[in-house]
Amino acid sequence: MRFLAARPLAAIASLAALASPVLAEPILSSNSLNTCQDNSGFRASLFNVVYTPNNNTANVDIVAVSSIQGSVIFDVAISAYGYEFIRQKVDPCKVGLAGLCPMTAGKIPLNFNLPVSADAARQIPGIAYSFPDLDAKVRVFINLTDGASAGQSVACVEADISNGKTVDLLGVKWATALIAGLALTSSAFVSGLGHANAASHVAANALSLFGYFQAQAMLGLTAIPLPPVVMSWTQDFQWSVGIIRVEFMQDIFTWYQRATGGTPSTLFDSLTTVSVQVEKRAVDFADISMSLAKRSIAMMPRSVTEPVSVMTRSLAKRGNIQTGSGSFIVKGIQRVAFRAGIESTNLFMTSLIFFVILVIFTTLCVAAFKGLCELAVKRGWMKSDTFLDFRNGWFTVLKGILFRITLIGFPQMAILCLWEFTQNDSAAEMVLAVFFFFGMSITLGWAASKVIRIARRSVVMHRNPAYILFSDPQALNKWGFLYVQFRASAYYFIVPFLIYILVKSMFIAFAQSAGTAQAVGFIIVEAAALIGASVLRPWMDKSTNTFNIAICVMNFLNSIFLLIFTEVFNQPALVTGVVGVVLWIANAAFALVLLIMLIVTTIIVFFRENPDGRYQSMMDDRTSFMKSQTHLTATTELDALAATARGAKAGLDLDDDADSISSESIRRNERAGAASVNSHYGNPPRSPIDPAMPLFPADGRSSPAPGYARGYQDRAPSPFGNQGANLTPAFRAQNNSSPAGFRSASPWQRGAGYD
């Protein structure tokens, strides 16, 4: 306790740190002195304290303003994770601090080195230097000791402590991004090799994992005060929503905003003169004479002696929260931008440009792969049937890939485009926000409606939605990104999924000033998602349903944790700190399990001779429909024979909504095909297998009469058996032959050309 009795500022300095990644020296620091009381008479616009235990010295750099006059006493409290373990009163007159005994009004600039005694250093536990994202703070109440207000608190300040250790690691970001990206790429590669079943499983799990990463990022984007470890953990996944800092790009975005009539923020340029407080507690920072200032004014360094009344309660369309002392508080989306080193006015453009880069890069990669495949086949480096489907329909495959990227990027663009509507950083950025938000929303909505129409058409024609959804290569390659992860009967589930993403995005973007509303909204949305997933179980098989339901459970638990962080239950601060650690550990373990499962699944796919054999056949029988197009040649030949007889199209044009939309149009096509056969009776049709061979041998037997088409529709005689009973009277009269005669003349029985 001698440490607290010696110097009041040493209580703060001894728990301060600045990380040194090169030397890994144990350090404690604090870079902001926050007020924790309404009408606080002592504020600091700049506060930097660094304590180095190796030399027991604390460097203190403070620019403060005081409106207090008279003798005071400091009531110092030190706590960690909400647990207060030291409480001591200190008289500044006994330690000889100039300007604080007695305290005088005015500006107080302090910059000095403060020695810390060995006894005081021993009171700091060793874990304080090693536990990541330490949630510790020193709070000092300044109480008057004379006059009518003796014993009353006239000011309250506190400093948050960091030890430089964090879970916000660059390695975690790269590892998660590479694993998710390689899994998606591997699924496309395996699909091109013809293993559609295995590819769909890998793609479904990779997309679900990517969605979980985005859900973690969304936690950090909420305006809810978060414990330090939760802020750092969610910061690891901000790459999934395009929040990635590149220095030269930030300069371009700042120039673009100025050129289009906007006013960029310069918060990082002001860090030498003002402090930035990262909001962590709902109660601690409750209305501390804070105001919203116009960004063009608020971003400028101002004298700490400027009257608070000038700053009081000015509301701007877009502004950072600023205290009366001139320091800033960042929360929600601005908090994420500040921790990422991005000016808040550049955040929207950063996410947008990275999405555009992803689209362009993917397009170039697909086109380059197409060219390499053709070159490899031409040079004989690769078999001609390898990636045959991709090479023949690569443009349709590219469309499907771009649709999938649109689906992946929809959460980030929905959040930041809607948020940009509230910020109005510049006219050009508003236009971009409108274009991308409504463009992507309409595109995905139209694609979802297209899938529903195709599935309903398949039900009408074949009484099974899986028939066209999975048997038609064009539908599968172009629209499969929306339904391949679901069972065929749950093709519609993409619609509630898109609504789920949109509603969450609206809560994040529009409720940045209401953290409690965001927490309640998240609970409602995540509860609905969990109930829907558990009851409907829409994914393709049991393992995939388990994978996704587990993610829904974790998202729902995280939403409950968010509500606890708002402190609406008035729980002890210790509970909030412990819950933050629990959220980090639980999500870290869960993410690790998901990553391991995805890695193992992907590796097995590449090393098994038959990757599809690892997975059971889908209950919707999609596998048989897929194989019917690539492996069952006989079925294809019979389909071609039927199409020739009907005069119908070779394939179903799923992009033509006016054609084949109902059974009536199908009957019209069949009648048109029959008329075509009758009109071309003089020139008998050719075999679809060998065009040089007539479909009906010309060896003296009569050719089909004009009524043949009608007889064919009425079950014409089959060459495979006695079907004479099904012949129509008109067919018998026109051919003047018995069923047996027709059967004996059949080339399948005589063996003419088919031996």
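Here the Cβ of each residue, glycine as well, is placed from N, Cα and C on the backbone.
What TrEMBL says about a protein is an automatic prediction, not a curated fact.
Keep in mind the model is a prediction, meaning the values are calculated, not measured.
TrEMBL lists 1-24 with the feature signal peptide. Taken from TrEMBL, the feature domain 'ML-like' applies to 26-168. Annotation comment: TrEMBL describes 347-369, 401-421, 427-448, 490-511, 517-536, 548-569, 581-607 as transmembrane segment. According to TrEMBL, the region 'Disordered' annotation covers 664-755.
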Can you work out whether the transmembrane segment (490-511) touches the transmembrane segment (581-607), with the criterion being 3+ CB pairs under 8 Å where the paired residues are 6 or more apart along the chain?
no
Do the transmembrane segment (427-448) and the transmembrane segment (347-369) come close, with at least three CB pairs under 8 A (pairs 6 or more apart in sequence)?
yes
Residues of the domain 'ML-like' (26-168) by DSSP state, where helix covers H, G and I:
13 helix, 76 strand, 54 coil
Same-chain residues at least 6 beyond the ends of the transmembrane segment (401-421) whose Cβ lies under 8 Å from its Cβ atoms:
188, 207, 210-211, 214, 218, 221, 240-242, 333, 347-348, 351-352, 355, 358-359, 362-363, 366, 429-430, 433-434, 436-437, 440-441, 443-444, 447, 478-479, 481-482, 498, 501-502, 504-506, 508-510, 512
Six or more residues beyond either end and a Cβ under 8 Å away: which residues meet both conditions relative to the transmembrane segment (347-369)?
241-245, 249-250, 253, 256-257, 333, 336-337, 394, 397-398, 401-402, 405, 409, 412-413, 416-417, 419-420, 423, 425, 429, 432-433, 436
